[in-house]
């Protein structure tokens with residue numbers, strides 16, 4: 001197992017290097033002179049040159065990249081052009097709320113997705129199935145930003161149950177996590193249903209029933225457990241969807257997380273923050289995919305880790 | 001006198017003449033009621049998108065300061081926005097923008113992704129490795145984040161949204177087509193064509209590409225829904241269409257300040273996006289049930 005994890009981790013390195021090159025080159029890809037863009041339209045030539053020097057854009061490109069990598073390793077992500085704060089300090093306050101929001105969304109989406117999927121499968125072509133699948137296909141199709149606004153209108157403005165935005169305790173996580181998790185819940189529900197339907201046809205289920213096992217035991221202990229293998233993969237692979245979605249949802253709820261920070265930085269052309277935020281998102285995504293891979297193999301002993 | 005063999009032959013010929021893949025497809029597809037209704041909806045939407053500017057009851061750009069934030073009524077079916085513009089007219093004209101953005105982004109992604117996938121799967125070796133590793137790098141960024149990064153680079157605007165959505169679609173198409181190509185190139189008729197001296201382009205175009213079409217049709221349909229969500233999401237974030245344009249995401253974004261007092265400003269464009277994406281997803285589901293051989297056999 002450890003050998004497999006080590007191998008997969010090593011495989012990540014080239015991709016991480018390419019990503020670091022891409023995020024490094026981000027500022028160089030900007031059409032026009034990045035130093036002029038950062039300094040502003042009215043800046044003097046001297047101001048522009050100062051910004052160029054400050055950003056290290058006057059050095060040879062290879063030297064710039066080596067400096068960038070050296071700084072990355074030491075956790076030095078530069079300074080925000082708008083706040084003047086070290087980027088790493090800004091991330092420290094923004095990262096954890098986003099992580100909590102993502103995990104909470106994933107938790108309830110998986111739980112609800114499994115419940116809807118299982119109920120749909122065991123009631124195939126009956127009303128709980130139709131209801132479950134209508135909910136699922138709607139959840140995939142609903143724009144997160146619209147759902148968020150509707151939830152704010154209903155639960156915050158009209159019923160006054162939750163805050164309309166910001167971050168003030170656990171209640172601030174409820175509506176954003178429901179919004180963010182809706183799409184994943186639907187995908188998990190659909191996938192659980194089809195996976196359960198397939199598993200329920202298997203010989204070992206028939207044997208279980210023939211042996212007189214209770215239906216509850218057949219469904220939960222045998223069918224669901226086997227279906228979980230593929231469901232975990234789907235859930236894990238959708239984590240990226242959550243990271244992307246969090247940008248929109250955090251904007252709707254004025255939630256002080258990484259997604260909101262990214263959008264604000266884009267608005268103010270704060271390139272050091274944009275660069276590092278993109279790198280962090282990509283790293284998070286790759287790491288989750290690795291965890292999903294490992295979890296998949298742990299859940300399914302039939303898969304040979306070394307093959 | 002007609003011999004039994006001749007009768008049999010003519011029967012076979014008749015059966016062959018009658019068989020049409022399109023007819024078969026239609027016979028199966030029309031059984032998918034939800035997908036059929038969704039197709040009619042999308043067909044109507046396309047017609048509306050084309051003739052929208054001619055049938056819109058009001059000028060979608062003309063402000064009317066005597067009718068600010070009016071609720072739905074007989075004169076304004078979906079109400080008016082913060083400038084008194086008729087929301088229904090803006091939705092009708094906005095259908096063209098939303099469909100144009102998503103269609104062009106997905107089709108450009110489809111063309112580029114298909115070419116890369118065919119080359120990757122067919123030639124294998126280092127070409128395959130380079131293409132697939134490049135896709136892995138693009139896959140390392142979640143879809144919407146990649147689109148945001150591209151728009152952050154190129155600047156806001158509808159054309160840049162198309163480029164962004166296209167770029168995040170390419171690796172998915174490439175991977176799908178590569179998989180189908182790897183399967184298809186094992187077929188005997190591909191080997192036969194190669195041994196008869198057919199060029200690589202001919203083998204790819206005439207023998208391998210047709211094998212990928214059914215999977216591509218399903219995926220394109222699903223992808224258009226995703227593209228509409230992504231494009232309207234980018235516009236909602238202020239990275240897409242300009243604020244005065246009747247794009248659905250922009251309408252939703254500019255209306256959110258009035259959510260408490262005039263919720264129709266947010267509800268109407270939201271319904272338009274939701275129903276359109278839902279319709280594409282339902283068509284995709286229906287097509288998968290009809291075209292996917294695994295599901296068909298079940």
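Glycine residues also receive a Cβ, built from the backbone N, Cα and C atoms like all the rest.
Any TrEMBL annotation is an automated prediction that lacks curation.
Listed ranges A:99-119, A:204-224; the one TrEMBL annotates as transmembrane segment is A:99-119. Ranges compared are A:12-30, A:31-49, and TrEMBL records transmembrane segment for A:12-30. With pairs at least 6 apart in sequence, the transmembrane segment (A:273-299) and the transmembrane segment (A:173-191) have fewer than 3 Cβ pairs within the 8 Å limit; the two do not touch. With a threshold of 8 Å between CB atoms, the same-chain residues lying at least 6 positions outside the transmembrane segment (A:99-119) that come near it are 128-129, 132, 135-136, 173, 176-178, 180-182, 184-193, 195-196, 219, 224, 231, 235, 239, 242-243, 246, 249-250, 255, 257.
Counting residues 6+ beyond its ends, the transmembrane segment (A:228-253) has Cβ neighbours under 8 Å at 98, 101-102, 105-106, 109-110, 113-114, 117, 144-145, 148-149, 152, 164-166, 172, 175-176, 179-181, 183-184, 187-188, 191-192, 195, 259-260, 262-263, 281, 284-285, 288-289, 291-292, 295-296, 299-300 in the same chain. With a cut-off of 8 Å between Cβ atoms, the residues of this chain six or more beyond the transmembrane segment (A:273-299) that come close are 1, 4-5, 8-9, 12, 15-16, 19-20, 23-24, 26-27, 72, 77-78, 80-82, 87-88, 90-91, 95, 228-229, 232-233, 235-237, 239-240, 243, 258, 261-262, 265-266, 305.
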